[in-house]
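The following features are taken from TrEMBL:
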type	residues	note
BINDING	A:K70, A:V71, A:K72, A:T189, A:N296, A:F297, A:R298, A:K316	ATP binding site
DISULFID	A:C119-A:C168	disulfide bond
DISULFID	A:C129-A:C152	disulfide bond
DISULFID	A:C135-A:C162	disulfide bond
DISULFID	A:C220-A:C230	disulfide bond
DISULFID	A:C264-A:C273	disulfide bond
TRANSMEM	A:342-364	transmembrane segment
Amino acid sequence: MAPGKGCCSPLSDCFFEYESAKVIVIRSKCVGLINRLIQASIVGYVIGYVCVIQQGYQETDSVISSVTTKVKGTALAKIPNLGEQVFDVADYIIPPQGENSFFVLTNLIVTQNQTQSTCPELPNPSTICTSDSDCTAGFKDVRSNGIQTGKCMNYSDTVKTCEVRAWCDLEIDTYLPKPALLRDAEEFTVLIKNSIRYPKFSFQKRNILPHINSSYLKQCTFNRQTDPDCPIFRLKDIVAEAKEDFQDMAVYGGVMGILIDWTCDLDMSEHKCIPKYSFRRLDNKNPQNNVAPGYNFRFAKYYKDCDDSDIRTLFKAYGIRFDVIVFGKAGKFNMVPTLVNIGAALSFLSLVNAVSDWVALTFLPKRKYYSKHKYTYLDEDDDMEGTVYGTQ
Amino acid sequence: MAPGKGCCSPLSDCFFEYESAKVIVIRSKCVGLINRLIQASIVGYVIGYVCVIQQGYQETDSVISSVTTKVKGTALAKIPNLGEQVFDVADYIIPPQGENSFFVLTNLIVTQNQTQSTCPELPNPSTICTSDSDCTAGFKDVRSNGIQTGKCMNYSDTVKTCEVRAWCDLEIDTYLPKPALLRDAEEFTVLIKNSIRYPKFSFQKRNILPHINSSYLKQCTFNRQTDPDCPIFRLKDIVAEAKEDFQDMAVYGGVMGILIDWTCDLDMSEHKCIPKYSFRRLDNKNPQNNVAPGYNFRFAKYYKDCDDSDIRTLFKAYGIRFDVIVFGKAGKFNMVPTLVNIGAALSFLSLVNAVSDWVALTFLPKRKYYSKHKYTYLDEDDDMEGTVYGTQ
Amino acid sequence: MAPGKGCCSPLSDCFFEYESAKVIVIRSKCVGLINRLIQASIVGYVIGYVCVIQQGYQETDSVISSVTTKVKGTALAKIPNLGEQVFDVADYIIPPQGENSFFVLTNLIVTQNQTQSTCPELPNPSTICTSDSDCTAGFKDVRSNGIQTGKCMNYSDTVKTCEVRAWCDLEIDTYLPKPALLRDAEEFTVLIKNSIRYPKFSFQKRNILPHINSSYLKQCTFNRQTDPDCPIFRLKDIVAEAKEDFQDMAVYGGVMGILIDWTCDLDMSEHKCIPKYSFRRLDNKNPQNNVAPGYNFRFAKYYKDCDDSDIRTLFKAYGIRFDVIVFGKAGKFNMVPTLVNIGAALSFLSLVNAVSDWVALTFLPKRKYYSKHKYTYLDEDDDMEGTVYGTQ
């Protein structure tokens, strides 16, 4: 009996036999062309789209990055009831060092000489009182500045509010300096050092490119046209590139993203693998649903009084937080994705015949004649001879 | 002679010829059904599993995120030998601003008025001494609090230990307040603002969804059932959702993960792309192998004495660090993965015939008759006539 | 008429018919072997390369991690015009807690008792003056330490510079202590706790492996040979493993990467999924294009004078920032990639015939005879009989 494709006896036959399909060659311009065209288009797709555009022949790895930042500049600010003050790096960078993110102080509300004591709450519907009976000792909620003592005190000549145990006097942050106190911050510059790795390809690089020399770095500032490789950025430029106005942002604060895109094709020369900088504002400026707009936080400097009791100066710090976001994928030729993509495309070639057959046997004038030669019908109930003749 | 599939002479023939396989059509319910069933199952797999379940037709991108957090609340704590103190944001958030992570102080050990001087070490096997000869000037190891002076001093009436040069008096952290000093911290709330981007699809969104209005945000707190979209979380709820007890955690500290899952199918409407919040404890609570359990760190506030010498107050701060972990993948229809998946599945169709052939030519009653028509044997040593008859 | 592959009338036929290609079986060792060899190589590729080496049958997920660090150790440093000082954790870890990164102070320049006042600028080409006319009141640039008052003052007996409003006296950072003041820092140890998750597989683990017990953790330090699982690292060892010298690095500072690789094959036992530690320096030590080499930043401690005016002590802090970089991919068997890879490979099998055909019909002695049986030529303009004979 005859061996099926899969199994064979005796096994040896497998290796010394070769099966090749019998085919009818239809000499027809029409079908021939259709057939070739579809095949061509598939091959075209593989080469053109998969390989060239989508680079389906590459395996990818995502970036591992390390960032250090150094801000330079000084500003003169006139602080209400504190007078003029010079702010340098140690004053306006909080915390003094950030990993992928640094905060530049641009505006602030200072409340000096707070002590642990008691004072009337800030007036608001839930704190205004007429007599002690309106205040409950020990009461506090998320919005209150301290723990109520139960007394009702004069907040001002006109208003009485419940007394609280807190850092007194309480901060009054209703009035926010405008323009921002450290408006000069727009002139500050930041040097961003970023070194990245693609562990899978053990490839590493830094954003200070080899062709850049020290003297250039000492005086350059980033400019998309003239100095696209300089890693020193003027804060004003960063904000401007994001289509924002620094002075507006300085008043209420905000979050800026410094995006560094390290997308690289490692099949090309290393020199082509360079960072692309882009800047965008990460917090919503003025959305309809705005709670706690801008960006600010509170911190305090603690002192000891002569009588050794704690005093603090509270700062509500408004400013711009710059998040350095490094991302990117590197691609490099790899056997598996290549063969997967090509293989997948190949399997479409098998569909071509289905189409061409259908055309040939449905539309061509001599379709009957073709199919007669293509098909041999074997009915289970035929006797052999019958069908054999059937094919002639 | 006849052209092979690949090469052809004259070339023109290629385009005006079309090859179609000769086939025998076996009219057999059995094999026919088998054949169709397998084909159906493969097509079913492609559509059902690859496309619907695994969405193999999509290319994916991973999220880029930016987070800001703002904690609200005040707590009254009775500090040992310091009396009652009010803690507000500036006091219990350390450092004052975090990027993806913020720390809430819940418990602390205060050591006041430390100065650079000398004092007896804390007693432990390596520091207890009987005479100066047991102490070596200049000796220190990783666990010691200072550099030994070589003297042996009374630590207490009963114990003598080597004297060290250090910030004296040394901190004694054996006794940890229980319940935690800032147990009220459970009522604090945190507003988490998170804006994300999928650069590949230039898609961006924030966790404050458009349909949320300011008035709602001013008073809502997150609740999985009633307020699943509110970005303001009560610390107690976060811990509770992770099946932990806030008060236990407050004593020794710990690390909580606030996981925000932005997995999105961008082929659907944008409105369907919303963050899913989940909470889990990231540090092991009580594993068998527990070193430095919980979460704590030391920091100091520095003062100047009247005589201008440095004094510091050392804080061993226990508390909960909340790491905001943003993750997720976005998928969008793309030609390459689609064709790859379908193509791959198609190629399985070619296997179907192998199976059906095997069935037809092994089990069917008229297998001999089928195979006689299917196969034409051509032996290298046959003369032509011989084999031609061989097929009849 | 006969049904085409795709469509069929009446439809029922589809299910009760089965088409199988007619084939000629060439009994030729040569072609047979070629055919089998190619097939074998393809199957070999799928099993060997795709499955075994590239694990193409796995879907992957990338790691989500949480890190806490705790540094131990004390150092004695002789600060210029400040005398000997003991530094403990609260002094040399800045900020007191880091998420994935911690900074260890190794060297510093202290400028004491700065006040908001006026003093001559540091001499440099742009600040040296001979008379007030060389200074412009209010002038400042990115490099200057303050805002010029317009006066020209004696910086020293020999040099005159423009006076500036700033934190005076200005810091002079030209002389950097060498060897580093906190050279003992090399003996410090850091405990790194790292817990990771692969959300897609809801798999989680920590770098303190289950088989490690507390007593071991209390005294072990990481050593690639003897203690590869101990999560406590001596700073000196970390730097040494990166082929750097700690003392050199301590002087100017730098950035070290502690890479934790969690690449896991989750089809294997969980116990095989363990972290691999590696260490490398992330900043360039001495590149040709070196700006702001090493790693340093400025911070200040603020005091109040007896007359309630602000004084600060400015620190230019040099040190080593350790970035804990956690990465890795986990793979687990999944249907889709498996079938995609196998399917793609299968489709290559269809190419085999093309090759074998070409060989058989081009090189074999009896090629004419084979192709006569393989091909049946049907010309559009033939009459039926003609071609039928043509095949015999």
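Yeah, the Cβs are placed from backbone N, Cα and C, and that goes for glycine too.
Values in this document were obtained by computation on a predicted structure and should not be read as measured data.
Between the alpha carbons (Cα) of A:C135 (disulfide bond) and A:K72 (ATP binding site) lies a span of roughly 50 Å. Each of the disulfide-bonded residues A:C119, A:C220 was scored by the number of other CB atoms within 10 Å of its CB, and the largest score is that of A:C119. Checking the recorded positions A:C135, A:C152, A:C168, A:F297, A:R298 against chain B with a Cβ-Cβ cut-off under 8 Å leaves A:F297, A:R298, in sequence order. Using Cα positions, the member of the binding-site residues A:V71, A:T189, A:N296, A:R298 nearest to A:C230 (disulfide bond) is identified as A:T189. Long-range Cβ proximity for A:T189 (ATP binding site), meaning a same-chain Cβ under 8 A and a gap of 6 or more residues, is found for A:V71, A:K72, A:G73, A:T221, A:I232, A:F233, A:R234, A:L235. The subset of recorded positions A:K70, A:C135, A:C220, A:C264, A:R298, A:K316 lying near chain C, with Cβ atoms under 8 Å apart, consists of A:K70. In this structure, the C-alpha atom of A:K316 (ATP binding site) lies 15 angstrom from that of A:C168 (disulfide bond). Within 10 Å of the Cα of A:C119 (disulfide bond), not one of the recorded positions from the list A:C129, A:C273, A:F297 places its own Cα. Spatially close to A:C168 (disulfide bond) yet at least six residues away along the chain are A:Q114, A:T115, A:Q116, A:S117, A:T118, A:C119, judged by Cβ distances under 8 angstroms. Largest CA to CA distance in the ATP binding set (A:K70, A:V71, A:K72, A:T189, A:N296, A:F297, A:R298, A:K316): 25 Å, whole number. A simple way to gauge crowding: the CB of A:C264 (disulfide bond) has 24 other CB atoms within 10 angstroms, across all the protein chains here.
Note on proximity: among A:C264, A:N296, A:R298, the recorded positions of the record, the Cα nearest A:C129 (disulfide bond) is that of A:R298.
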